[in-house]
Amino acid sequence: MGAIIDVKSLVSKFQNEIMAIVNEKKNKGEIVSIGILQVGKDGGSNFYRNSVVKLSNKLGIEPKEFLLEENVSEEEIISVVNEINNDNNITGVLMLLPMPKGIDSDKVKEALSPSKDIDGVTTHNIGQFYSGNKAFIPCTPLSVMEILRSVTDLEGKEAVVIGRSNVVGKPLAQLLLNANCTVTTVHSRTKNIEEVCRRADILVSAIGKPKYINSNFIKDGAVVIDVGTSDVEGKITGDVDLEDVIEKVSYITKVPGGVGSLTTTILLKNLCEGL
């Protein structure tokens, strides 16, 4: 039977590292702060913002919230972004998405200073990342990589990523490639998906289809990372049917309590590494 990966220990490890950096800065009279920009009252954004504020306070980071009404103009949002860019007391920025209808979120993202873009949403950071240069990278794929490194060596492994979104699938495939994996990305147009997935030493699913991945997708001894989340009758459910695959895997993450439990910590790790 496979083992459930202990993500809690990783969370604790990284939070201790963050607190050490923050305390070192405080001893020098410096403040570590995060700006959080939210437009409107999207439920998912509210939840994420609250979790970031709570964890920031716990780790000694000062959260500064910029909460704008849904009917605000695009120009007013960009004006606030410019204000944040020019505030030397704000270390980095989390821009919560989605933006309300009628707002060009790409234009708003591009107004953000790349040096404060701790979630890697600007084209500058995206381009730098795919060019192999130092850049801020989205937190979910970074979280997946940290989880994988905690249980297996990556070099030379065959990895399959299910999903090709700009925030998870694509950057994760690049990170795995950078780690010298042989990487295949599968998606809705891929033929023989189960056959392709059965080649994987490392299988990551990020598609948001509850219990889509069963034992027919799994190579014996594979490491499986479940990024997907879906609401099924009020219960958060992953892409992977855990009960069906647990006998075949070597390691697997659960949902909830897996990748999602690490992402906020990795966001604040990005914040500190950008200092």
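Quick reminder: no glycine exception, Cβ is built from N, Cα and C everywhere.
Annotation comment: TrEMBL describes 5-119 as domain 'Tetrahydrofolate dehydrogenase/cyclohydrolase catalytic'. Taken from TrEMBL, the feature domain 'Tetrahydrofolate dehydrogenase/cyclohydrolase NAD(P)-binding' covers 138-273. Marked as NADP(+) binding site by TrEMBL: Gly163, Arg164, Ser165, Thr229.
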Practice task
Looking at NADP(+) and its recorded binding residues Gly163, Arg164, Ser165, Thr229, figure out the farthest C-alpha pair and report it in angstrom, whole number.
Solution key: 16
Handout entry: Per-residue pLDDT averaged over the domain 'Tetrahydrofolate dehydrogenase/cyclohydrolase NAD(P)-binding' (138-273), given as an integer
Key = 97
Handout entry: Densest Cβ neighbourhood among Gly163, Arg164, Ser165 (binding-site residues), 10 Å radius
Key = Gly163
Problem - Where Gly163 (NADP(+) binding site) falls in three-state DSSP terms - result: coil
